[in-house]
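> Please find one structure pasted underneath; my questions will follow.
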Amino acid sequence: MTESLTRAGVEVRLEGLRREYGAVTALDGLDLTIEPGEFIALLGPSGCGKTTALRLLAGLEDADGGRVVVGGKDVTGLPTNKRDMGMVFQAYSLFPHMTARQNVAFGLRLRKVGEAERNRRAGEMLELVGLSAQADRYAHQMSGGQQQRVALARALAIQPTVLLLDEPLSALDAKVRASLRDEIRRVQLEVGITTLFVTHDQEEALAVADRVGVMNAGRLEQLGAPTEVYGQPATPFVAEFVGLSNRLPATVSGSKADVLGASLPTVAASVSGPGVALVRPEAVDLVAVDSAGSDDPLTGSIVAVSFLGAVTRITVDLGTHGKVLAQMPTSQAAGFSTGDRARLTFRPAPILVVKA
Amino acid sequence: MTSTVGVPAGQSTRTGRRFSLSWLGVVPFFAYVGLFLLLPTGLVVIQAFGTPEGQPTLSNIRALGESYVLTAFWRSIQLSFATAAIGAIFGALLAYLVVSGPADGLLRRTVTAVAGVLAQFGGVTLAFAFMVSVGNQGLVTLLLQDTGISVSGGWLYELSGLIVVYLYFQIPLMVLVFLPALDGVKPQWREATESLGGSTWAYWRHVAAPLLAPPFMGAFLLLFANAFAAYATAAALISQGGIIIPLQIRAAMTSETVLGQENVAKALALGMVIVVAVAMALYSWMQRRSARWLQ
């Protein structure tokens, strides 16, 4: 890794950002601080405001209220070309009449860097993303994954203060998406640049980000480490949107919840009294039970066994309490098959209990 | 006994092509093109090198060097170039205005519908419309004369008149031809340029202009060929003489004072075919070049 590519990240603050499109509020007072060199993923469904937030940060749209502060400097009124931010778009953003090298060198050309120097730096960036051999190819001669890597190299070539990634993997097939996702993270760590990554794919967000912000209806529902967002969802929306959740009747008393007779710790945002516990499938274990007709509410019949490769998902019918998903390593699930009786046990991870 | 390695017993090694009848669907089209385009073109080429009696001669081709023919060619080129240039510029501006609005907006729907009609509006109808409005006895001309302004509609029957009239279908044609190219310009390219530090000028200079230049030049050539080959509008406006090549061909074919000029007309037509073919070949090359950029 060449020394010239690394740089200290800067802090980015979005303060009370608002954006409205007619009667629709796309962003409803968003507050978000990205630490220097941090990689934050904004995750949410279509129309939640995550792309709007990124575009306001880039200066591609004007905010109706709030401020954008980068490295301590208010850039809210600055146009995009004065903000010094590199951006990777969803797709089709490479200039089709330029080669990969010319694309990467374009930002340097705009900065009037000499041809020899910009070609050297473009070559360095293409090496960083593993595309030195494709330097003289045009966009239509490269795969979608290669094009996005060139776009990443182009965004980084100008040594921006902030890197913005607007769903850069969504147009790629699953295998390329996974490898490029890791590639982006590797490059970001090497360069040390403050990064905002927008995606609707929870797996992507959880896999690469230092912190994940889950957005809904223009607001940030939860911001935290991937394990925290997944394991301790702060709101029903986060619990429903990130990963799968079983919905089981529960009664909360203090910091504990009674879930069908089992006592489980709760997260702070839980309601007190009766409610619905949101329990992850992987927090549910199964124990084989011989006897039929037990009135234990945690015992039921296995109605489906889904092999998913490394893990297996088993559906247990609890009768009046509905069906529960349990997910476990495939080796552990080998003893269960459809029609078997099984009893549920829960791992003692904190759960969220919401209003019924 | 011989055996075929790798082929299970009982299976044929033959992977021969199956006879397909799907090509039959295009037979009427090719028959039409052959009968009404290729055959007449071939006859024009052959007969340009022959006398009316069928004897080979170069005298028809030599007639292409006569001053009146060269003048007509020059006027045709002037007319085509002027209407293609003006049509391309104004048509491109109008098309840009259209793509700047919503994709399914009223402006776009209206302009494309009107352009679709006007691009095919040439001929007697168009000539008549101009004659009754700004011709010698046209409504506008007479109204202006009534108010004491001394105007004449004579300009309409000269080269300048043809330029104005031809623009009536050239500009809409440009809109139709250039719209797909403008649609192919991705908004991400402008945003990428801006995020890399480029201004609007930098975007147009380094990105949009190089990308749009081939389709623009291609459309210009198409408009040039369109005007060069147009006949009916000019013929309806100008009943005598041959200020441009298509009218010169008419004169050679129908002249009652100079007989036996039919094959000279075919030599003139051959000259037109060559000019139009060169323009269309360049157009096709430019379209192919930009097609992979602006998909």
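All positions are counted from 1 along the displayed chain.
Cβ coordinates are placed from backbone N, Cα and C, and glycine is handled just like the others.
Bear in mind that TrEMBL entries carry predicted annotations, made automatically and left uncurated.
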> Which one of these stretches, B:208-227, B:228-247, shows up in TrEMBL as transmembrane segment?
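Of the candidate stretches, TrEMBL labels B:228-247 as transmembrane segment.
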> Do at least three CB pairs under 8 A connect the transmembrane segment (B:228-247) and the transmembrane segment (B:111-135), leaving out pairs fewer than 6 apart in sequence?
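Yes, these stretches are in contact.
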> Quick check for me: are there 3+ Cβ pairs below 8 Å between the transmembrane segment (B:77-99) and the transmembrane segment (B:21-49), leaving out pairs under 6 residues apart?
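Contact between the transmembrane segment (B:21-49) and the transmembrane segment (B:77-99): absent, because fewer than 3 Cβ pairs are under 8 Å.
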